[in-house]
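Noted in TrEMBL for the protein shown:
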- Arg134, 157-160, 223-225, Gln229, 276-279, Arg459, 470-471: substrate binding site (BINDING)
- Glu153, Lys314, 373-382, Tyr384, 407-410, Glu434, Lys461, Asp467: ATP binding site (BINDING)
- Glu153, Asn155, Glu377: Mg(2+) binding site (BINDING)
- 213-311: domain 'Glutathione synthase substrate-binding' (DOMAIN)
Amino acid sequence: MAAGWQDVLRDAAAVREAAAVAVDAALLAGVLMRTGGQPHASELTALLHPSQVVNYAPFTLLPSAVPRALFEQAYAVQQDFNLLVDAISQNKEFLQQTLASTIKVDDFTARLFRIYMQVLEEGLAQTVFLGINRSDYMFDCGLDGRAALRQIEINTIAASFGGLTSRTADVHRLVLKVLGKTEEASQLLPNNPAKGLALGIAKAWQLYGSQRAVVMFLVEEVQRNIFDQRCVENELWNRNIRVVRKRFRDVFEQGSLDASRRLYMDGQEVAVVYYREGYVPQVYDQQNWEARLLLERSRAVKCPDIATQLAGTKKVQQELSRPGMLEKLLPGHPEAIARIRATFAGLYSLDEGEEGDRIAATAIADPDRFVLKPQREGGGNNLYGEELKEVLEKIKDSPERTSYILMDKIRPQPALNYLLRAHSPLQVSECISELGIFGVYVRQGQELVLNEAAGHLLRTKAVQHADGGVAAGVAVLDTPFLL
C-alpha cells in the first residue's frame with residue numbers, strides 16, 4: 001500500500017465516511033451488477049423494481065499501489081500479444097499439434113476443435129477478423145524483494161469489466177478528495193476500455209460493409225453483468241450502430257444463413273457477433289452447439305472466431321513458453337518476442353511421457369510451488385496446494401492429466417485495503433491485485449488495420465482466496481495508483 005494511505009487505515013471514522021460516499025458514488029456512476037438474490041429476474045422486473053435486482057459491483061475503498069515500471073511494461077507488450085494471438089489463430093498446424101493431446105481427454109476443447117476443422121474444410125466465409133483480449137498479470141515478489149510482471153493468462157473470449165472499470169476511477173478519485181488527498185486524486189489515470197472495445201467493434205462493422213447490418217451481443221441466459229456490457233453497447237449506439245442482444249437459443253430458433261452465408265437474425269443481417277457467452281461447457285447443450293456452428297459458418301465477424309478462442313487455451317499458453325516457439329509464430333519480430341517472453345512465468349506440460357512424469361512428480365512432492373490449470377475460462381477453476389496434490393495423485397498415470405498444465409505459483413506482496421461489498425461488514429483485509437490490459441485488433445484479409453491497447457482493469461481480492469474473479473464473487477474492482 002502507498003505510504004500515504006497508512007493514516008487513513010488508522011482512522012476508523014474517516015473510513016466509515018469515505019465508504020458511505022464511495023458506495024453512493026458507485027451507484028451514481030453506474031458501477032452496477034444484477035444481484036445474486038434474483039438472477040433470473042425478468043427485464044420487466046428489473047425495469048419496474050430496480051432496487052430488488054441491482055446493487056453496486058464490489059470495489060476497493062482505496063486505489064491500490066502498482067509499480068509504474070511494471071504497469072508501463074504491461075501496456076508496452078499488449079500490441080505484441082495482439083499480434084501473437086492473431087498469428088496463432090491463422091496457424092492450423094500449430095493448433096493441431098498443440099491441442100492434439102488435449103482434445104483426446106477434454107470434451108469441451110474437442111467440440112470446439114471439431115467445429116474449427118469443419119469450418120476450415122468448408123472454407124471461411126469470414127474475411128474481417130476482430131480480436132478483443134485481456135492479458136492478465138500479477139506482480140511476483142522475488143527473494144530480493146523486487147517485483148516482476150508475470151502473465152497469468154490471456155483471455156480471448158468474453159473478456160469482461162471493460163465497461164465498469166471505465167467508471168471506477170472516478171469513484172476512487174472522489175474518495176481520495178473526501179479523505180483530503182487531492183494531489184493523489186489528480187494522479188489517477190484516465191481509463192476507458194469501453195470506448196476502446198467499441199472502437200474495434202465499430203471498425204469491424206464498418207469493414208463488413210453494410211450500413212443496415214447490426215452488431216449482435218451473444219449474451220448469457222442469466223445476465224448479472226449486463227451493465228458492464230451496456231457500457232460498450234452504448235458506445236456503439238452513440239456511433240449510430242444498431243445493437244441487438246441474443247442468446248444461443250435465440251440463434252438456434254431465429255438464425256439463418258443465405259446463399260452467401262450472410263447471417264440473419266429475425267430478418268436482420270448481422271455484421272458482428274460479439275461473444276459475452278460460450279466459454280464454459282455448462283452453457284452448451286446440443287441446440288447451443290448447433291447454434292455455435294451456424295455462427296462460425298457465417299460471413300459475420302465473430303469476436304472471437306473459434307480459432308481465436310482456441311488460441312486462448314491454457315495448453316497453447318504452455319506451448320508458447322517452449323524455446324523457439326515464439327520465433328516460429330512471429331518470424332522477424334525479435335523485439336516483440338523479447339517483450340512477450342519477459343512476462344512469462346514457468347509453464348510446464350503434463351503430456352504423457354518422461355517429461356510429464358517428471359513434472360507431475362515434482363508438483364506432487366512440492367505442491368505449494370505450482371498452480372494446476374484446466375482448459376477453462378471464467379475464474380475459479382485452478383487448483384492449489386493439497387487440492388492440487390490430490391488431483392495429480394489421482395490422475396498422474398492417466399491420460400486425463402494432459403487436459404491440465406502446470407504453472408509456477410506467483411507470489412505478490414500483500415497490502416491492506418477495504419473491500420466494499422453489498423451487505424458485508426466494513427473491515428480491513430490483506431489483499432493482492434491482478435492487472436489486466438485490454439487489447440483490440442482488426443484484420444481484413446492479411447492486413448492488420450487496427451492494433452491497440454484499449455485500457456486496463458485492476459482486480460483485488462483478499463489473500464485467503466486462491467482463485468476467482470469479480471464475476472465469481474471473489475475479487476473486486478480497483479484502480480491502480482502508480483508508484
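Heads up, the Cβ atoms here are built off N, Cα and C, so glycines get one too.
The Cα of Ala158 (substrate binding site) lies closest to that of Glu377, out of the binding-site residues Pro374, Glu377, Tyr384, Lys409, Lys461. Across the domain 'Glutathione synthase substrate-binding' (213-311), the model assigns an average pLDDT of 97.
Spatially close to Arg134 (substrate binding site) yet at least six residues away along the chain are Ile154, Asn155, Ala159, Gly162, Gly436, Ile437, Phe438, Gly439, Leu457, judged by Cβ distances under 8 angstroms. Each of the binding-site residues Arg224, Lys409, Lys461 was ranked by the number of other C-beta atoms within 10 Å, and first place falls to Lys461. Closest to Val470 (substrate binding site) by Cα-Cα distance, out of the binding-site residues Glu153, Pro374, Glu377, Lys409, is Glu377. You'll find the Cα of Lys409 (ATP binding site) roughly 32 Å from the Cα of Gln229 (substrate binding site).
Each residue contributes its Cα atom, and for Ser160 (substrate binding site) and Lys461 (ATP binding site) these two points are 17 Å apart. Geometry remark: Lys461 (ATP binding site) versus Gln229 (substrate binding site), CA distance 23 Å. Each residue contributes its Cα atom, and for Tyr384 (ATP binding site) and Tyr279 (substrate binding site) those atoms are 22 Å apart. Looking only at the binding-site residues Arg224, Gln229, Glu277, the one with its C-alpha closest to Glu153 (ATP binding site) is Glu277. The Cβ of Gln229 (substrate binding site) lies under 8 Å from the Cβ of Gly163, Phe217, Val219, Gln223, Arg245, Arg276, each of these being in the same chain and 6 or more residues away along the sequence. When the C-alpha distances from Pro374 (ATP binding site) to the binding-site residues Arg224, Glu277, Tyr279 are tabulated, the minimum falls on Tyr279.
If you take the Cα of Arg224 (substrate binding site) and the Cα of Glu377 (ATP binding site), they are about 17 angstrom apart, rounded to a whole number. Looking at Tyr279 (substrate binding site) and Glu377 (ATP binding site), their Cα atoms lie 6 Å from each other. Listed in sequence order, the residues of the same chain lying 6 or more apart from Glu277 (substrate binding site) and placing their CB within less than 8 Å of its CB are Ala158, Leu218, Val219, Glu220, Arg247, Phe248, Val283.
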